[in-house]
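K.L.:
Got a structure for you, written out below as C-alpha cells; questions coming shortly.
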Amino acid sequence: MLEFTHTTKEHDEARQGEALLLEKEPAKSNGRKLYIESYGCQMNFSDSEIVASILLDNGFETTKNYNEADVVFINTCSIRENAEQRVRNRLKEFEFAKKNNPGMIVGVLGCMAERLKAKFLEEEKLVDVVVGPDAYRDLPNLIAQVDDGARSVNVLLSREETYADISPVRLNTNGITAFISIMRGCDNMCSFCVVPFTRGRERSRDPESIVKEAQDLFNEGYREVTLLGQNVDSYKYTAAVAEGEEPQKAVSFSDLLARVAEVNPLLRIRFSTSHPKDITDEVLYTMGKYANICKYIHLPVQSGSSRVLDLMNRTYDRDWYINRVDAINRIIPGCGISTDIITGFCTETEEEHQETLSMMDYVKYDYAFMFAYSERPGTLAAKRFEDDIPEDIKKRRLTEVVAKQRIHSLERLQNFVGKTQRILIEGFSKRSDKDYAGRNDQNAMAVFPVNAAYKVGDYVQVYIDSCTSATLIGRIVD
Ligand code: 5AD
Ligand code: SF4
C-alpha cells in the first residue's frame, strides 16, 4: 500500500452528470464547500469518495483549494509513526488558513481519528470534528453540532457498516480506472499492525451492490476496477433470508471475481490485498479462466524468516509462502507479483534478514513496498516485544532490501522488452501530452506515442522497445 496524498478535483458540471448517472438525487446546493485530503492506503482514498458522496447529498460542493473551503477534512493513516507525523504537520498549515477564515470547520477522519479518538480534540485545538471510518453517515449531523458551537466526535466501529448503498463520487479520476471497496475491517491480528484497531471487524459487502457499481462504472466509460479489501481472500457474503427459507450458499472471493469479470470482457479487474494464508487455488484458477482479470497479485510477505513470521502472527511460514508463489507460477504463468516487506522487526537477526533477501531472490517481485518497522501503540507487538533493533540497523537492512528490489524490478520490466503487450490507455504521460500512458496486465506502466486512431480508454497492442527502472517504452502496433 502506498502512502501518498492527493486532493480533490473540483466538483464541476461534468461530475454532477456522473452523479446523475449513478442515480443520485441532484443535491440542492447549501452554498458550502468541502475540501478533502487523503493519506494512507487505497481504502482511505476510496473512503474519501464515500464521504464526498454523503456530503454532496447534503448540499455541499467540493473544492480543491482549502483556503476557500467551509469544511476541511483530512482522512488520515496510522500505519507508521511518520504517516501520523505528516498529518500533524499538515494540520499546522490548516491552522494558518483557519486564522483567515475563522468559520472554517476542520475535521479529522480515518484511522488516526479512530486511534486517538477525543484525545485529538485536546491535542489539536483547531480540530472541530473527529470521525472514525465506520461513522461517515453521521457526518452531516456532526457538522450541524459544530455549527451549533460544539466540537463533535463519533468513533464508533460497526460490525455491519459497508456503505453498500452509497455510490462513491469519483475524486481525482482519470475516468478510466476506479476502486471498489468490497469489504471493510480486518480480523487478522498481525502483531505489528494497527488496522484491526482502527478499522474494526471484518465484514463483506453485498455482491449485488458490488456488481452494480462495476456495471455503472463500465457504463460511464471506466475500463478498470480494483476490488479493495484488507484481506480480499477472506471475502464471504451470506445473504440474509427470511425465517423458514433455505439459507443461500455463501459467495466467496472467487465467486465474486467471476461475477465482476462477467460484467463485460472490456472491463479489467484488479484486486488488493491478498493474504498468503488465505489465497486459494480456486482464486488462481478463476484468474486463469477470465482474460479480463489482470494477472497480478499483491501478496505481502513481510519477512522471509519463519521465526519472524511467527512473531508477526502472520499464520504462515516461509515454506507455505513459497508454496503459494509456486502455485501462482504454475496456474498463472507470467503472473506479476508484488509484496510488502518490513525490516528490523523486534528481535530480527542478521541471518533472518538474509532470509528476507533470499526470499526476494526466489520470487523476484515485480514491485515491493518496503518499510522499516515502526512500533504502533496498542498493537500486540508493542505489548509483547521490545522494539530492540536500533534505528540505524533497521535503515541499513531497508537499504539492502530496496537495492535488491531495484534490480528485480528492472529485470522484470526487461522481460517485456521485445514483446507486444496489451495496454489500457489511461491518459497522457506525465512528461508529455504527445505520449499516452497505461499499464499492461502485470501492472507495469508503459508510455508510447499518441496515435490518433486510439483514444483514452481503448486497449492497444504496444511493442516494447526499451525500459527504464520504472517504465516500459514502446509504440502502438496493429
Ligand atoms: N511498521 C512498519 N510497516 C508496517 N506495515 C504495517 N504496519 C507496520 C508497522 N508497524 C506495513 C506492512 C503492511 C503495509 C500496509 O504496511 O508491510 O503490509
Ligand atoms: Fe489504510 Fe492501514 Fe493507514 Fe488505515 S492505518 S489508512 S487501513 S494503511
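Placed from the backbone N, Cα and C atoms, the Cβ positions cover glycine too.
Positions annotated as [4Fe-4S] cluster 1 binding site by TrEMBL: CYS41, CYS77, CYS111. TrEMBL lists CYS186, CYS190, CYS193 with the feature [4Fe-4S] cluster 2 binding site. Look at TrEMBL and you will find 32-148 tagged as domain 'MTTase N-terminal'. Per TrEMBL, domain 'Radical SAM core' is recorded for 172-411. The domain 'TRAM' annotation in TrEMBL covers 414-478.
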K.L.:
Would you mind ranking the binding-site residues CYS77, CYS111, CYS186 by how many other Cβ atoms sit within 10 Å of each Cβ and giving me the lowest?
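P.N.:
Per-residue Cβ counts within 10 Å for the binding-site residues CYS77, CYS111, CYS186 bottom out at CYS186.
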K.L.:
Closest to CYS77 ([4Fe-4S] cluster 1 binding site): which of the binding-site residues CYS186, CYS190, CYS193, going by Cα position?
P.N.:
CYS193
K.L.:
Find the average pLDDT over the domain 'MTTase N-terminal' (32-148) in the predicted model and report it.
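P.N.:
Result for the domain 'MTTase N-terminal' (32-148): average pLDDT 95.
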K.L.:
Could you check what DSSP calls CYS111 ([4Fe-4S] cluster 1 binding site) once collapsed to helix, strand or coil?
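P.N.:
DSSP assigns CYS111 ([4Fe-4S] cluster 1 binding site) to helix.
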K.L.:
Just to confirm: which same-chain residues, 6+ apart in sequence, have a Cβ under 8 Å from the Cβ of CYS190 ([4Fe-4S] cluster 2 binding site)?
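P.N.:
GLN302, MET312, ASN313, ARG314 - these are the non-local Cβ neighbours of CYS190 ([4Fe-4S] cluster 2 binding site), listed in sequence order.
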K.L.:
Taking ligand 1 as the reference, state which of the binding-site residues CYS77, CYS111, CYS186, CYS190 have a Cβ closer than 6 Å to one of its atoms.
P.N.:
none
K.L.:
What is the Cβ neighbour count of CYS193 ([4Fe-4S] cluster 2 binding site) at a 10 Å cut-off, with all protein chains included?
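P.N.:
Its Cβ shell of radius 10 Å holds 22 other Cβ atoms.
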K.L.:
In Å, rounded, how far does the Cα of CYS193 ([4Fe-4S] cluster 2 binding site) sit from the Cα of CYS111 ([4Fe-4S] cluster 1 binding site)?
P.N.:
12
K.L.:
Can you tell me how the residues of the domain 'MTTase N-terminal' (32-148) break down into helix, strand and coil by DSSP?
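P.N.:
Reading the DSSP string over the domain 'MTTase N-terminal' (32-148) gives 62 helix, 23 strand, 32 coil.
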K.L.:
Just to be sure I understand the packing, how many Cβ atoms besides its own are within 10 Å of the Cβ of CYS41 ([4Fe-4S] cluster 1 binding site)?
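P.N.:
The answer is 23.
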K.L.:
Can you list the residues of the same chain, besides CYS186, CYS190, CYS193, whose Cβ falls within 8 Å of the [4Fe-4S] cluster 2 site's Cβ centroid?
P.N.:
ASN188, MET189, PHE192, VAL194, VAL195, PRO196, GLN230
K.L.:
Between CYS111 ([4Fe-4S] cluster 1 binding site) and CYS186 ([4Fe-4S] cluster 2 binding site), how many Å separate their Cα atoms?
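P.N.:
The Cα atom of CYS111 ([4Fe-4S] cluster 1 binding site) is 13 Å away from the Cα atom of CYS186 ([4Fe-4S] cluster 2 binding site).
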K.L.:
Ligand 2: which of the binding-site residues CYS41, CYS77, CYS111, CYS186, CYS190, CYS193 have a Cβ closer than 6 angstroms to it?
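P.N.:
Close enough to ligand 2 are CYS41, CYS77, CYS111.
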